[in-house]
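The following features are taken from Swiss-Prot:
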type	residues	note
TRANSMEM	29-46	transmembrane segment
BINDING	118	chlorophyll a ChlzD1 binding site
TRANSMEM	118-133	transmembrane segment
BINDING	126	pheophytin a binding site
TRANSMEM	142-156	transmembrane segment
SITE	161	site 'Tyrosine radical intermediate'
BINDING	170, 189, 332, 333, 342, 344	[CaMn4O5] cluster binding site
SITE	190	site 'Stabilizes free radical intermediate'
TRANSMEM	197-218	transmembrane segment
BINDING	198	chlorophyll a PD1 binding site
BINDING	215, 264, 265	quinone binding site
BINDING	215, 272	Fe cation binding site
TRANSMEM	274-288	transmembrane segment
């Protein structure tokens, strides 16, 4: 009899746990994806904070020239970063137990892999949790589809790009200046600014910001008046009220006269679909562009200069971009025996544009 009671108690505890995990009445929904998300994001956050503050220098290039990224080694909030794992490790999975000692693991940049892998699993689980909560509430699943855009971008810079380049040392450092360094080197090696998918991403981000600002300002400027002319319109509303607070017909009429009639939406669902789809599709394309450039399918280049009848170079903006890219690439490649191939294999290139003779 005692054994039977214990089994029922165990089953009841598990059932209670399942109900708590999947309950939509909790202040914060957990969900089964949340069971995976919470520990992975906690592990990534804790390791990131400790590494950002106190990690020793990392031999990122694999040439015994460690690069310091933590605050305790002289960096500040702007210059600090969790430095990517060493080029000597390459694409090998490098958990703590693969190193001979903790010092070796830190020297080869093991914390970077720990943070990135747990972070990626965490954001994948967060996306699944968005779908799970939508499913429990009977909603449509497009929230997690929209979130897939930044997830794809993070996957591109932290996972796909290192795979394509052959080493996690080429991944984006986890810091402010490290992000800028990654962007400069990416431009130097892949000419990302001349890649059409990056252009679509820029249009998506800036266009999305513009449309969001236009929509928000238009809605808050076309309130349905519930007060007299002598009172503020704001007094006619309560936060979270069920009644509609603005008139989309009035907003449509205003915007149609400001631009032209068919530039404005008269259907709220179409409008909000557009507001969601524009930046999401743009960021999808950027992630796709980074993922293709990871395997050196680069942006357009203008390596052939324009020449006049005597064979002299007519310097154009393309030449300026090329020289800037070569300069960034030289600064990046601190390793003498890993000199940029487009410099080492070609004829010498003048560093500056030709200046006219003075006097």
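Cβ atoms are placed via backbone N, Cα and C, with glycine included.
Sequence features, as recorded in Swiss-Prot, placed on the structure.
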{"residue": "118", "record": "chlorophyll a ChlzD1 binding site", "CB count, 10 Å": "20"}
{"residue": "126", "record": "pheophytin a binding site", "CB count, 10 Å": "20"}
{"residue": "161", "record": "site 'Tyrosine radical intermediate'", "CB count, 10 Å": "22"}
{"residue": "189", "record": "[CaMn4O5] cluster binding site", "CB count, 10 Å": "20"}
{"residue": "190", "record": "site 'Stabilizes free radical intermediate'", "CB count, 10 Å": "23"}
{"residue": "198", "record": "chlorophyll a PD1 binding site", "CB count, 10 Å": "23"}
{"residue": "215", "record": "quinone binding site", "CB count, 10 Å": "17"}
{"residue": "264", "record": "quinone binding site", "CB count, 10 Å": "19"}
{"residue": "265", "record": "quinone binding site", "CB count, 10 Å": "19"}
{"residue": "272", "record": "Fe cation binding site", "CB count, 10 Å": "12"}
Surrounding the recorded quinone site, with Cβ no more than 8 Å from the Cβ centroid of 215, 264, 265 and those residues left out, we find 214, 218, 251, 252, 255, 271, 274
In whole Å, how far is residue 189 ([CaMn4O5] cluster binding site) from residue 198 (chlorophyll a PD1 binding site) when you measure between their Cα atoms?
15
If you measure from the Cα of residue 215 (quinone binding site), which of the recorded positions 118, 126, 161, 170, 332 is the nearest?
126
Same-chain residues at least 6 beyond the ends of the transmembrane segment (274-288) whose Cβ lies under 8 Å from its Cβ atoms:
142, 145-146, 148-150, 152-153, 155-156, 197-198, 200-205, 207-208, 211-212, 215, 265
For the transmembrane segment (118-133), what are the same-chain contacts with Cβ under 8 Å, counting residues 6+ beyond its ends?
24, 29, 31-34, 36-37, 40-41, 43-44, 47-48, 139, 141, 143-144, 147-148, 150-151, 154-155, 158-159
Which of the recorded positions listed here (118, 126, 161, 264, 265, 272) have a Cα atom within 10 Å of the Cα of residue 170 ([CaMn4O5] cluster binding site)?
161
Rounded to an integer, what is the Cα-Cα distance in Å between residue 190 (site 'Stabilizes free radical intermediate') and residue 332 ([CaMn4O5] cluster binding site)?
14
What's the CA-CA gap between residue 264 (quinone binding site) and residue 272 (Fe cation binding site) in angstrom, rounded?
12
What whole-number distance in angstrom separates the two most remote CA atoms of the quinone-binding residues 215, 264, 265?
11
What parts of the chain pack near the transmembrane segment (142-156), using Cβ distances under 8 Å and only residues at least 6 beyond its ends?
119-120, 123-124, 126-128, 130-131, 134, 276, 279-281, 283-284, 286-288, 290-291, 294
Give the sequence-ordered list of residues that share a chain with residue 332 ([CaMn4O5] cluster binding site), lie 6 or more positions from it, and have CB atoms under 8 Å from its CB.
181, 184, 185, 188
Work out how many Å separate residue 265 (quinone binding site) and residue 161 (site 'Tyrosine radical intermediate') at their Cα atoms, rounded off.
39
Shortest C-alpha distance to residue 272 (Fe cation binding site) - which of the recorded positions 126, 161, 189:
126
Starting from the Cα of residue 161 (site 'Tyrosine radical intermediate'), work out which of the binding-site residues (118, 126, 189) are within 10 Å.
none
Rounded to an integer, what is the Cα-Cα distance in Å between the residue listed as 'chlorophyll a ChlzD1 binding site' and residue 189 ([CaMn4O5] cluster binding site)?
28
